[in-house]
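To keep things clear, I will list the structure first and then write my remarks on it.
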Amino acid sequence: MSTNAAIDLALDRVDWRDLAAQTEEQPRVYTPGEVLMPEAGFMRGHGTFVEDENIKSSVAGVIQKVNKLISVRPLKSRYVGEIGDVVVARVSEVQQKRWRVDTNSRLDSILLLSSVNLPGGELRRRSAEDEQMMRRYLDEGDLISAEVQNIFEEGSLSLYTRSLKYGKLSQGILVKVFPALVKRRKMHFHNLPCGASVILGNNGYIWISPTKGQEEEGGEGGFAQNLNEHVPRGEREVIARLRNSILALAKCKLMIYDTSIQYAYEESLRYEAHELLQQNAIYDIGQQTQARLRDADE
């Protein structure tokens, strides 16, 4: 019995001269218990503690300085929300006048009945009848896009979907990455030239779906969901390729935003969609995308 095996050496994949030239630009990663600096004249922030008159790191991460405040941003962590963040979330429980939502944070988030648009976008006070129909609006397991409206004292998030661009998500693929890899930008809704739309949630959940026409958007106040609609094979292949391209960026620890996704998609066209699951293709796409992003910055 004989099998074909593909062997790709790291020596052939990495430009060591280019890597050596960038050593000074790479941020220093501190390990737990490592001394950051003397305590005198500085204040300790998140991810630090004081011992023997020194500020030490309590997590593995990169140091951040804001005036006299010293903190360490962990390399891997749960999502820590900020007001105005765009998130993709999954409804986990229907409660009285509210939905409990999983946003990849330490605590479940809350979406109040008063914080959603009613079907058709009508504006009125929520009644007892609306409360009885909550499962018809959003049920357990539904995926939604929303925005962080407020942060409670214990750290949980309050969401709202009062804009027609937010609401229930229909057909597509959910991709999960580390929240730190999603770049914070003004726009997190993108219609890519390849023919698909992405929602880059700040919480590390990314939604990929076929691009909708303007007449299809927001027709039911954010609750429209047609699961019987046929998605052509070509669009499904584009979505699958985008999904694998985003996972390749995450595997190579590259920041994920509209430009990097488009570059990675273009580099992936040299492979079949299923070949993007192989390690050599993943690192090749990551390296080529990083080179294009560096050239664009220069």
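Backbone N, Cα and C atoms are what each Cβ position is placed from, and that goes for glycine too.
TrEMBL: automatically predicted annotations, no manual curation.
Across the domain 'Exosome complex component N-terminal' (30-66), DSSP classifies residues as 0 helix, 21 strand, 16 coil. Sequence annotations record features per position, and here TrEMBL assigns domain 'Exosome complex component N-terminal' to 30-66.
Among the features that TrEMBL reports, domain 'RRP4 S1' is placed at 78-150.
If you look up TrEMBL, you'll see 172-212 marked as domain 'K Homology'. Here the domain 'K Homology' (172-212) is broken down by DSSP into helix, strand and coil counts: 3 helix, 19 strand, 19 coil.
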>> DSSP on the domain 'RRP4 S1' (78-150): how many residues come out helix, how many strand, how many coil?
In response: 12 helix, 33 strand, 28 coil
